[in-house]
Every structure is written in structure tokens, then in C-alpha cells.
Amino acid sequence: MKMKILLIGGGGREHAIAEGIKESKHNPILYALMAKKNPGIAALCEDFLLEKETEVEKIVEYAKARNIEMAFVGPEAPLAAGVADALWEAGIPVVGPKKACAVIEFDKAWARNFMKKYGIEGCPAYEVFTEEAPAHAFIEKLGDVAVKPSGLTGGKGVKVMGDQLPDLKAAKDYTSELLEKGPVVIEERFIGEEFTLQAFVDGKNLAFFPAVQDHKRAYEGDLGPNTGGMGSYTDAGEILPFMLAGDIEQAKKIMQHTVTALHEETGTGYQGVLYGQFILTASGPKVVEFNARFGDPEAMNVIPLIETDFTEIMSAVVKSTLDSLPVKFSRKATVCKYAVPAGYPDNPEKDSEVLVGDVGEASVYYASVYEKEGKIYTTGSRAVAVVGRAETIDAAEKIAQNALENIQGKLFFRKDIGTASLIQKRIDHMKELRGGLSQKQ
């Protein structure tokens, strides 16, 4: 009997997950539940339901009606809504943590307090505030700060000094604005290079992916407003060109400690994907945040590299047997680039047609688009991602860039992601911070 699998979510990340599932040698039957019809996911499915991804009862009802045997929750909102809990209660195992563990993403204040309580390494000096006066006083005390709303923001709510916040007054004003909506986390700003480390987690064991670097800023040269991520790259191996081998080992230890502590704190095993957003500083990796799912775009870099059967990994996650399944990756470099609507993220073009031409060797992942009468249209968020895979980052970048040149519409993209000049800038920055140590030792 072929296994029936339900995928929840309709973005680029979920298109990559759907592809991973469909490439399984066990020929699973895929079903999907998504808010809008993603043409990439729809083409891979036996059947799909268009529904809000946080409608817990409707998701369970659909899963039961289709005799679903296992589910994969892609985005954070359904995890925060308790979709994983409800499906487990209905007897359907889920790749995606229950609400008690997913809180590590959707409540930033809880996450920092949890790290402090369990002595998890890489935690900044921070405080959580609900009132203006003490928050402003703490900004004065720390001087160089990052300001974060406590809840989910789609990667766009955090602002840091010297970047989006030019001075202390700007930091205080932004804090006051956020406090009208809820608690605010104010923490010391780390200086360094960010990287993402993701892992499948079965409650206690972790299977790590290669490190990825995302690019949050909208425009070339790391300028402009924050976005959900304009693109990302991996090297042919575990680490990135600006990292040392010891850096990723430290990050892995932090994530392992986090999984163990989550079980102790919640009494629930974390089963799903854990995403560690790190910043590599002169004194090693520090934790920017944890997310309870794959990154988007980072999923599109790493999922195509998996050589182990994807549905076997899913089964190992829900049965807590990852320790007996070697998860292997092909040693290729990848570059992912997003085409986004003109005006994104502040005033994006909506409902404009996208035409995908000959993308050559690249993979294409549809994100925030919808299909109507055989045509594809933008929704206002990131539209289409392309991924190049090759022996080197440089070769992968050229494959991705060539593909983007053949996608038509009112769109723009960052040409500099994955280029030798931008990567050299990252290497030079880390060398300077470390005091001239050579990279990749």
C-alpha cells in the first residue's frame, strides 16, 4: 500500500517539500492543504483543499476523509495554531512540533527566557518589556541594540542599531510603536555574519543539514528594507566559505542542548524541523532566533541535496528512530534566488502575470503566486524561486541567474546573491572580526 501524506502550506518551501516527498522510491500519494492554489504543489498532488492553513478542525476533517497516514506542516502559523497537536490526537503522526515546542518560534520573549533558564549557549544580554520607560532606559544602558516584537512577524519585525535604526532615538521610537501591540524583546546587537543551521529532529536525535546563508535585505549590496529572504546559498560541504569547522560544531551543540531542554521544559519531544538562525561573531556563533520549521528560502537549498529517501526520514522523525537512519547529502553547492513583485516588500504589485520561460538546469519553486485559468499571478509577496546546483557556488550562481533572466513579469531580484564578490566580502568581514585567522581551517 502506498502511504498517503498530507502537506500543509502553499509557499516555495512547501513546493520543495512536496518535491522531496514525491521523489521517494515508495511512491507516496500526496495531498495538500493551502490557502491559494500553488501551481507547483498542485501538479504533484493527487488532491488538494484550498483552505486557511490555521483552520485546525477543517484540516483534521480533510485528513480523516482522505485517510492520511502522515502529515508535514510547512509554515509557522499552523504550528502556532496547534495543527500538529490536533492531527496527533486524531491518530495522524506529524513532522512539525506540537504547540508546546513551537512556542520557541512564535514567542521571542519565551524563547530568550527559556535559553537563559537552561544555560543555552549563545544567548545575548536581553530584557523583555511591556512598558515604555524601563524599555527606553535599557536601550540607553546597552547602547547597541536589536529590537524585536515578541510574536510572529514573517521575518520582518526585527530592527537593529546602525542598520534600520540610525540612533538611540530611532530605537526608542520603534520600541514605543511595538509596545502598542504587545511585549518587546530588547537585546544586545551582535556583530558578525549570519548563517542558518537546520536539522530534522525526532524528539532527541538531530540530523543536520549543511549551513546556509540567507539575504534578508531587499536590494543589492544588502540595502533596503527587511524581507522574508531574497535568496540563499550553500557550499559543497557542511560549512560556508567564511566559517571554520569548529563554528558549525558549536552551533550543533547549541541546537542539541535546545532540543534536550525543550523536552525537559515541556514534557513533549520536539518532532519536526528545527531552524537555528546564528550570527558568527569573533567569539563564535550566537543565537539570533530559533524557528520551528524549514527556512524559506533555505529549504530550497537543502532539500534537493538529500540523498536519503525523504519519506523514510519523515517516518524516522515521527517514530523517534533518526539515530538508526543515516541522512546523507550530495556534496554540491546551491544558490537560490527569488523573483519578487515590483515594489516589494512595502508597495508590491499584485495580481500581475508571471511567465516562466526556459530555466535550463535550474529548479523552479512557486511561492506566493496563484493559478487562474492556466495563468500564474503574483499575490504581493515573493513570487518564484530558482535554484542552481553545481560543484561550486560560482557555477550554481550562474545557473540560477540564467534562469531568472527567463522569468518575465513586473518582478525584480538580487543579482549579487552567490556571486564571488559578495562572498569575498563575507570572508573579509569574518577575517577582520577574528583578527586575520584564515578561513575553512
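Glycine is no exception: its Cβ is also placed from the backbone N, Cα and C atoms.
Per Swiss-Prot, ATP binding site is recorded for 139-196, and the stated evidence type is sequence analysis. Taken from Swiss-Prot, the feature Mg(2+) 1 binding site applies to GLN277, GLU289. Under the heading Mn(2+) 1 binding site, Swiss-Prot lists GLN277, GLU289. Summarising the annotation, Swiss-Prot assigns Mn(2+) 2 binding site to GLU289, ASN291 and lists sequence analysis as the type of evidence. Feature annotation from Swiss-Prot assigns Mg(2+) 2 binding site to GLU289, ASN291; the stated evidence is sequence analysis. Annotated domain 'ATP-grasp' per Swiss-Prot: 112-319, in sequence order.
Swiss-Prot feature annotations superimposed on the structure.
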residue: ILE139; record: ATP binding site; Cβ contacts under 8 Å, 6 or more apart: VAL145, LEU168, ALA171, LYS172, THR175, ILE186
residue: VAL147; record: ATP binding site; Cβ contacts under 8 Å, 6 or more apart: VAL158, LYS159, VAL160, LEU165, ALA171, TYR174, THR175, LEU178, VAL184, VAL185, ILE186
residue: ASP163; record: ATP binding site; Cβ contacts under 8 Å, 6 or more apart: none
residue: LEU179; record: ATP binding site; Cβ contacts under 8 Å, 6 or more apart: PHE129, THR130, GLU131, GLU132, ALA135
residue: GLU187; record: ATP binding site; Cβ contacts under 8 Å, 6 or more apart: ARG112, PRO124, ALA125, TYR126, GLU127, LEU142, VAL145, ALA146, LYS148
residue: PHE195; record: ATP binding site; Cβ contacts under 8 Å, 6 or more apart: ALA211, VAL212, GLN213, LEU240, MET243, ALA251, PHE278, ILE279, LEU280, PRO285
residue: GLN277; record: Mg(2+) 1 binding site; Cβ contacts under 8 Å, 6 or more apart: GLU194, THR196, VAL287, VAL288, GLU289, PHE290, ASN291
Tell me the coarse DSSP state (helix, strand, coil) of ILE139 (ATP binding site). helix
For a quick check of packing: other C-beta atoms within 10 Å of the C-beta of GLU289 (Mg(2+) 1 binding site), how many? 17
If you average pLDDT over the domain 'ATP-grasp' (112-319), what do you get? 95
Lowest local Cβ density (other Cβ within 10 Å) among binding-site residues: ALA171, ASN291: ASN291
